[in-house]
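Asks: Please find one structure pasted underneath; my questions will follow.
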Amino acid sequence: MAEAFLQVLLDNLTFFIQGELGLVFGFEKEFKKLSSMFSMIQAVLEDAQEKQLKYKAIKNWLQKLNVAAYEVDDILDDCKTEAARFKQAVLGRYHPRTITFCYKVGKRMKEMMEKLDAIAEERRNFHLDERIIERQAARRQTGFVLTEPKVYGREKEEDEIVKILINNVSYSEEVPVLPILGMGGLGKTTLAQMVFNDQRITEHFNLKIWVCVSDDFDEKRLIKAIVESIEGKSLGDMDLAPLQKKLQELLNGKRYFLVLDDVWNEDQEKWDNLRAVLKIGASGASILITTRLEKIGSIMGTLQLYQLSNLSQEDCWLLFKQRAFCHQTETSPKLMEIGKEIVKKCGGVPLAAKTLGGLLRFKREESEWEHVRDSEIWNLPQDENSVLPALRLSYHHLPLDLRQCFAYCAVFPKDTKIEKEYLIALWMAHSFLLSKGNMELEDVGNEVWNELYLRSFFQEIEVKSGKTYFKMHDLIHDLATSMFSASASSRSIRQINVKDDEDMMFIVTNYKDMMSIGFSEVVSSYSPSLFKRFVSLRVLNLSNSEFEQLPSSVGDLVHLRYLDLSGNKICSLPKRLCKLQNLQTLDLYNCQSLSCLPKQTSKLCSLRNLVLDHCPLTSMPPRIGLLTCLKTLGYFVVGERKGYQLGELRNLNLRGAISITHLERVKNDMEAKEANLSAKANLHSLSMSWDRPNRYESEEVKVLEALKPHPNLKYLEIIDFCGFCLPDWMNHSVLKNVVSILISGCENCSCLPPFGELPCLESLELQDGSVEVEYVEDSGFLTRRRFPSLRKLHIGGFCNLKGLQRMKGAEQFPVLEEMKISDCPMFVFPTLSSVKKLEIWGEADAGGLSSISNLSTLTSLKIFSNHTVTSLLEEMFKNLENLIYLSVSFLENLKELPTSLASLNNLKCLDIRYCYALESLPEEGLEGLSSLTELFVEHCNMLKCLPEGLQHLTTLTSLKIRGCPQLIKRCEKGIGEDWHKISHIPNVNIYI
């Protein structure tokens with residue numbers, strides 16, 4: 001890693017020399033000497049990096065160099081910080097403070113020179129080759145698309161495993177467990193993902209769950225992870241007992257499919273404890289595990305272990321070729337020949353093939369490919385894992401600036417889902433990113449990440465709400481760890497986590513020069529001068545540590561770049577925090593007691609990211625527009641006085657997302673234009689909201705018109721706007737790239753913009769609109785296709801809305817999949833050919849409900865909270881032969897269900913809850929449900945008995961009845977009047 005950081009250091013030294021800062025402190029001669037020494041050392045680093053694998057002395061030498069480089073960087077940091085302070089205070093060279101500073105730094109420089117002389121002299125003993133290291137030109141940003149690579153050679157294995165899982169019949173109480181065994185990098189997880197996503201698995205099981213286990217087989221952690229996977233949301237901290245109960249409720253009667261990926265646990269008792277909780281599932285539930293250890297297969301498996309073999313030479317070549325030649329129509333025959341020789345060395349291991357393919361896609365000279373083929377790394381001693389030489393080769397052929405960025409990823413635990421933007425901010429904090437012309441560091445970091453992804457170092461990419469998350473294969477993580485530890489010493493960049501006071505004292509004693517510290521739990525007591533001891537700290541993570549007051553000594557951390565205070569109870573920040581002139585990121589996410597920031601916040605001259613989401617700020621700090629480096633500002637509260645107005649945003653080159661609140665304080669359109677939103681090309685998400693009191697309705701239309709965003713915008717929210725119409729810029733040209741729109745509380749807008757013309761719009765949510773709106777699109781005859789990309793449509797609170805479009809015409813809503821209609825009592829559904837999920841909330845008249853039959857492709861239907869309907873029309877379920885899931889809840893006056901239920905031949909789950917007046921289930925209606933596997937009836941107090949036809953539903957595997965007092969006795973096992981109707985069902989659960 002040292003060679004890449006040296007380039008950053010040399011850039012800084014050049015800046016100091018050219019900027020004559022060395023003259024200010026009298027260190028120009030020393031700076032030039034340092035630059036010369038590092039340049040000489042840098043010339044041999046490429047050779048040293050390769051030879052350290054064989055020679056421990058060279059590895060130790062690189063560690064010493066790494067330490068020295070960071071110490072010099074600290075000195076430069078101090079000089080830059082002091083220079084800024086002197087400029088602000090208008091101090092001269094002969095001021096006592098200047099003299100004192102120069103004396104202290106001069107002493108450190110002298111010691112540093114002696115260290116570097118020794119390091120430079122020691123390098124002569126190794127006879128290292130000098131090489132010219134060219135800085136890589138800026139990489140192209142255009143055309144990069146995240147795609148899932150094609151999998152080769154595992155179709156047969158996928159088919160075999162799917163058949164085992166589907167055809168397996170277990171007559172014991174134990175849930176069958178199928179282990180997949182194979183060495184690291186062989187593709188066990190990839191194969192498990194193929195099985196998990198197989199259509200046959202989706203159709204066979206009621207519930208699919210995926211959990212990554214890794215080294216930590218902790219029952220509480222795993223149960224929590226399983227529950228979170230089922231519910232699709234994070235849980236707070238819970239004790240084991242309530243977690244076990246919650247999981248059993250979720251699995252009860254379900255034919256679930258659970259994947260436990262990357263299992264290392266060899267403790268039989270731990271598995272027995274978890275298995276006991278998982279028994280509750282319905283007959284046919286199955287568990288699939290992946291592991292490298294055969295012993296684990298015998299401990300956990302109940303089915304015969306599935307041994308995964310190596311890929312064939314042909315499939316391995318296809319995998320390599322996919323990455324190395326990347327859609328090229330013409331390829332060099334010689335490169336093809338060398339490539340096949342390299343593939344032979346991969347030994348049929350997919351991870352090796354795709355990683356080397358990712359490496360060679362950036363190399364087109366025959367000599368470069370031959371260098372990889374003939375590298376000595378193939379001949380180094382290895383353990384049983386044959387993939388390591390390929391991974392090491394890939395690392396050593398990375399460009400300089402990518403090596404340390406990749407190795408730094410070792411600070412994250414294995415199997416961590418890492419946020420891309422967070423990682424880039426940490427790279428910046430440690431000065432890993434080399435500036436390139438006029439490119440912003442964030443863009444440089446994005447290019448580095450993209451290239452590492454293309455080289456197959458990152459996987460399992462997931463994009464949510466505009467943010468990218470990813471993981472690293474555990475063998476790739478092992479590689480990062482080995483490369484990172486080779487460059488680190490006690491002067492480590494590693495993330496040290498503090499769990500208690502004892503940890504704190506140990507770190508204070510042994511790691512005073514740590515660069516990264518995180519508090520994983522609250523530290524009950526600390527000295528106000530706590531942070532003074534960590535003079536080199538660059539990253540400080542205090543998130544969710546229950547700090548109520550931040551020690552003012554944090555202001556002494558002059559090298560601090562990244563400060564995470566998210567999730568704490570702090571009410572205010574110390575003024576001394578504003579002395580941190582190198583601070584780049586201040587994360588205050590979810591600090592729910594924080595109402596204001598220090599008035600001197602604008603002095604944080606290096607601040608690039610200010611995260612304020614879910615902070616109840618009543619105002620912004622004054623003159624935030626002075627933070628010209630600021631790129632991320634998630635939240636802005638408009639003020640009425642100068643220094644607090646929208647004009648503060650004018651010169652900020654913001655990116656990402658911003659929420660602007662209290663726009664009612666903007667007096668006119670001229671003031672709104674000062675925000676200069678139309679020039680912010682890197683802003684992808686914009687939320688604008690007004691507060692209801694003190695509204696100036698006549699001005700609000702002009703204000704919103706003046707807040708026109710840049711055409712690059714992707715997400716737009718307008719909340720509680722009081723004007724009588726939405727702006728003209730909400731048309732095709734300005735919002736041509738928008739994928740999601742939310743309009744809420746705009747009760748005076750009598751008509752809606754032509755959303756149907758937006759070519760990229762995928763999600764549209766309209767809430768609490770005007771009583772005058774009758775149609776989402778109220779234009780004349782439609783000749784062009786409308787809403788070409790819309791997949792989700794949520795509409796609520798439009799009491800006179802009659803439908804989607806007044807006029808019919810060309811094909812409309814061609815890809816719409818999900819609809820939610822709430823509190824729109826007059827709404828009638830048109831004929832739509834692609835809708836699969838529908839939720840209806842609130843009142844709806846008979847015509848509206850019967851028009852559901854126009855949605856013939858529905859697979860899921862939920863009807864909630866209709867307090868007036870007493871029956872559902874027979875026409876309602878006509879044409880819904882594709883329906884798989886039906887839920888009817890909180891229809892408090894519903895007395896009966898239609899017999900047309902019988903037409904739902906593919907229905908698998910019927911869920912009826914809180915229908916207090918329901919007296920019976922239709923005899924004829926239930927008999928026709930030939931595919932039904934699950935029936936839930938809850939809190940239907942008037943339900944007197946179960947229909948006779950229930951006993952003919954041979955596919956029914958799970959029945960759950962709760963809160964139906966008249967059924968409890970009738971369904972009593974063996975003696976109840978209705979027991980014969982349900983005795984054939986494998987899983988029956990009846991609760992009071």
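Glycine is no exception: its Cβ is also placed from the backbone N, Cα and C atoms.
Here's the feature list from Swiss-Prot:
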DOMAIN    135-437  domain 'NB-ARC'
BINDING   Gly182, Met183, Gly184, Gly185, Leu186, Gly187, Lys188, Thr189  ATP binding site
REPEAT    534-556  repeat 'LRR 1'
REPEAT    557-580  repeat 'LRR 2'
REPEAT    582-603  repeat 'LRR 3'
REPEAT    604-628  repeat 'LRR 4'
REPEAT    646-672  repeat 'LRR 5'
REPEAT    680-703  repeat 'LRR 6'
REPEAT    758-783  repeat 'LRR 7'
REPEAT    787-811  repeat 'LRR 8'
REPEAT    813-837  repeat 'LRR 9'
REPEAT    855-879  repeat 'LRR 10'
REPEAT    881-903  repeat 'LRR 11'
REPEAT    904-928  repeat 'LRR 12'
Asks: Highest CB neighbour count within 10 A among the binding-site residues Gly182, Gly185?
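Replies: Compared across Gly182, Gly185, the most Cβ atoms within 10 Å surround Gly185.
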Asks: Pick from Gly184, Gly187: which of these binding-site residues has the biggest number of other Cβ atoms within 10 Å of its Cβ?
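Replies: Per the Cβ count, the most surrounded site is Gly187.
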Asks: May I ask whether the repeat 'LRR 7' (758-783) has at least three C-beta pairs under 8 Å with the repeat 'LRR 5' (646-672), counting pairs 6 or more apart in sequence?
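Replies: Contact between the repeat 'LRR 7' (758-783) and the repeat 'LRR 5' (646-672): absent, because fewer than 3 Cβ pairs are under 8 Å.
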Asks: Who are the chain neighbours of the repeat 'LRR 4' (604-628) in space, where the CB to CB distance is under 8 Å and they lie at least 6 residues beyond its ends?
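Replies: Long-range Cβ neighbours of the repeat 'LRR 4' (604-628): 84, 425, 428, 441-442, 561, 566, 578, 580-598, 634-637, 639, 643-644, 647-652, 659.
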Asks: Under 8 Å between C-beta atoms and at least six apart in sequence, can you list the same-chain neighbours of Leu186 (ATP binding site), or say none if there are none?
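Replies: Set apart from Leu186 (ATP binding site) by at least 6 residues yet with Cβ under 8 Å, we have Leu308, Asn310, Val349, Pro350, Leu351.
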Asks: So around the ATP site, Gly182, Met183, Gly184, Gly185, Leu186, Gly187, Lys188, Thr189 aside, which residues have their CB within 8 A of the centroid of those CB atoms?
Replies: Thr290, Arg292, Leu308, Val349, Pro350, Leu351
Asks: Neighbour count, 10 Å Cβ-Cβ cut-off, for Lys188 (ATP binding site): what number do you get?
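Replies: The answer is 22.
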Asks: Excluding near sequence neighbours, so keeping only residues 6 or more apart in the same chain, what lies with its CB under 8 A of Thr189 (ATP binding site)?
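Replies: Looking at Cβ-Cβ distances below 8 Å from Thr189 (ATP binding site), excluding near sequence neighbours, one finds Asp261, Asp262, Thr290, His473.
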Asks: Neighbour count, 10 Å Cβ-Cβ cut-off, for Met183 (ATP binding site): what number do you get?
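Replies: By my count, 17.
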Asks: Quick check: in three-state DSSP terms, what is Thr189 (ATP binding site)?
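Replies: It is helical.
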Asks: Using DSSP, tally how many residues of the repeat 'LRR 4' (604-628) sit in helix, strand and coil.
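Replies: Reading the DSSP string over the repeat 'LRR 4' (604-628) gives 3 helix, 3 strand, 19 coil.
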Asks: Restricting to the repeat 'LRR 12' (904-928), report the mean pLDDT as a whole number.
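Replies: Overall, the repeat 'LRR 12' (904-928) comes to a mean pLDDT of 90.
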